[in-house]
Amino acid sequence: MAAAGLRPVILAFLAAALWGLWWIPIRWFDALGLTGAAGGAAMNTGAFVSCLLWMLIRREPFSLSPKAMLGAAFVGVAIGTYSVALNYGDVVRVILLFYLAPAWSKLIEWRFLNMPWRWTSTLALVAALSGAFLVLGGDIATTGVTVGDGLAVMSGIAWSMGATLIFINPGSARPISLSAVSALTASVIALFFMTIEGDWPTGAQGALIAGGLGLGLLYVVPILALTLWSAQVLSPATLTFLLTAEILAGVISSAILLDEPFGPLRVAGAALIVLGALSEILPSLFGRSVDPDQGRA
């Protein structure tokens, strides 16, 4: 981390905090009439067009390895499903269930990257799943699980796969190229859900669509580029620690702005999920180093 410097740490923390506020424009557009996946589609399309124009104007080559492109696409799937989930479930539940991602990352690294399974890996998995159990109300029956809950979990799995592929195949991939692929994939996912719902914007909503495209440039592109750049520069342990800022920003902002229940069970569940997310830094607290390059292919 010393080699990486303080700047990527600060920028990654800022990006994570802004991701925690992602639910606000999603819900805002939904309240104004861009319902379901339409708001996310507008913003992610705006982000893709902005990235494309940037590369054309700057004449930047689009050079991504197949694995890096696949990783960026998985990140786009995560963003697309996460955006839809925020409209179909409680914001706090969606954010916390998405943050089972570190547990999925452990399983992916162990099974496919030949990384060792440490005691922290067991802690991450047990803490994350126990936290999810409490967030869902301490009931293992599927009757209380919503579409938003399922999409949040799916989003976390896609994020884990994408972030892992990007980290182990950094190469010469530029954040703007990665961002373009992610934004395009997120837009396609949104269009898929809009087709299923049959809920397409009308001509009268042109101003809202234009606003969504503008937010894609001003809001989505910066945090997407920062996040994907951080995935290349910072070790998974450091990045995971910083991304917990998303939980704090999302939970605090939704508790203030929304009338959603947040009782003792959710508090305990949130604490366990954060513990699982932070498990990677525990060895360093006990004087053991974690090699961020271990398992790279």
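Here the Cβ of each residue, glycine as well, is placed from N, Cα and C on the backbone.
The following features are taken from TrEMBL:
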type     : residues : note
DOMAIN   : 8-136    : domain 'EamA'
DOMAIN   : 148-278  : domain 'EamA'
TRANSMEM : 9-26     : transmembrane segment
TRANSMEM : 32-56    : transmembrane segment
TRANSMEM : 68-85    : transmembrane segment
TRANSMEM : 91-107   : transmembrane segment
TRANSMEM : 119-138  : transmembrane segment
TRANSMEM : 150-169  : transmembrane segment
TRANSMEM : 176-196  : transmembrane segment
TRANSMEM : 208-229  : transmembrane segment
TRANSMEM : 241-258  : transmembrane segment
TRANSMEM : 264-286  : transmembrane segment
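Comparison of 32-56, 150-169, 176-196 by number of C-beta pairs under 8 angstroms to the transmembrane segment (91-107) places 150-169 first. Long-range Cβ contacts of the transmembrane segment (9-26) within its own chain (Cβ-Cβ under 8 Å, at least 6 residues beyond either end) map to 1, 39-40, 43, 82-83, 86-87, 91, 94-95, 212, 215, 219, 222-223, 226-227, 229-230, 234, 238-239, 242-251, 253-254, 257. Tertiary proximity for the transmembrane segment (32-56) is limited to same-chain residues at least six positions away from its ends with a CB under 8 Å from its CB atoms, namely 25-26, 62, 76, 79-80, 83-84, 87, 176-177, 179-180, 183-184, 186-187, 189-191, 193-194, 197, 199-201, 205, 208-209, 211-217, 219-221, 224. Here the transmembrane segment (68-85) has Cβ contacts under 8 Å with residues 22, 26, 36-37, 39-40, 43-44, 94, 98, 147-149, 151-152, 154-156, 158-159, 161-166, 169-171, 173, 177-179, 181-190, 193, 224, 228 of the same chain, all six or more residues outside its ends.
For the domain 'EamA' (8-136), the DSSP counts in helix, strand and coil order read 104 helix, 0 strand, 25 coil. The predicted model assigns the domain 'EamA' (148-278) a mean pLDDT of 84.
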